[in-house]
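TrEMBL annotations:
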ACT_SITE  D15  active site
ACT_SITE  N63  active site, proton acceptor
BINDING   D15, E197  Mg(2+) binding site
BINDING   16-20, R28, H32, 60-62, W64, R66, R178, 184-186  substrate binding site
Amino acid sequence: MPNIRLPSHVAFIMDGNGRWAKKRGLPRIYGHAEGVKSAERIIQTAKELGIKYLTFYAFSTENWKRPEEEVNFLMELLRWYLREKIPSFVEDDIRISFIGRRDRIPQETLKWMERAEKETARCGSLWVFVAVDYGGRDELVRAVNRIISEKKRKVDEKLIRRYLDLPLEVPDPDLLIRTAGEKRVSNFLLWYLSYTEFYFADVLWPDFGKEEFLKALQDFSKRVRKFGGLFPDEEENS
Ligand code: FPP
């Protein structure tokens, strides 16, 4: 895309899978299976464009409240997907990492998550984070507990950031995209969203494709980011 200012890190709340399935008279899990294809399209497009980091909200700390069958399906889907896709991630030079808790994830799923991290560790064109059993508040609580256990007597922003899930070298998301018309943060990436631009799309996640993504990027490109300062023309005139 000519003349477009690209974000370096884009985060996604992939909402609307259940509604997509319901509209078709299918069980909700079909929506999740279709949702994975959308995530794949976004990953490929981001790589083509040269975006460096993506973070997907796949399963929240609150999602355990869903019916057991749906929870099991999501964990199986992740395992199956990783088992299938690790070689193509390596081939495409895409690194995969996970953020969130690891103590409640089924053993077999966790095994493939760790394998994906290990096998793609040297890949560097695009770094994809998948948030699984992730909650922004939970992440902060885990960080604070580690800080306490290391007997630190004083904290500042830099120190807290070191104990969070995303590696230090990963910049805060420039853009957060949420689909399906919902306009909430839902406990996602709380620390990192301080100056993130939000984009809300009405389409359901399984219908969110390359065109929709490009539309969001074009919209982002037009925004003037002040980070608490002034607009550039205000600075000139002051
Ligand atoms: C929200 O839609 C979606 C989720 C809670 C799960 C998202 C997970 C995936 C797309 C699969 C992730 C797997 C991999 C391999 C990345 P919803 O179920 O809340 O939809 P609704 O609001 O229409 O009910």
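Each position is counted from 1, following the chain as shown.
Cβ coordinates are placed from backbone N, Cα and C, and glycine is handled just like the others.
TrEMBL does not curate its annotations; it predicts them automatically.
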C-alpha spacing of N63 (active site, proton acceptor) relative to G18 (substrate binding site), in angstrom: 13
Neighbourhood of ligand 1 - recorded positions from D15, G18, T61 with Cβ under 6 Å: D15, G18
Distance from the residue listed as 'active site' back to the residue listed as 'active site, proton acceptor', taken between C-alpha atoms, in Å: 13
Binding-site residues compared (W20, W64) - the one with the fewest other Cβ atoms within 10 Å: W64
DSSP state at T61 (substrate binding site), helix/strand/coil: coil
Distance from W64 (substrate binding site) back to E197 (Mg(2+) binding site), taken between C-alpha atoms, in Å: 29
Surrounding CB atoms that lie within 10 Å of the CB of R178 (substrate binding site), all protein chains: 23
Binding-site residues near D15 (active site), in sequence order, restricted to T61, W64, V185 and a 10 Å Cα cut-off: none
Local Cβ density at E197 (Mg(2+) binding site) - other Cβ atoms counted within 10 Å: 17
List of residues, in chain order, with Cβ under 8 A from that of G16 (substrate binding site) and at least 6 apart: G31, T179, A180, G181, V203, L204, W205, P206, D207
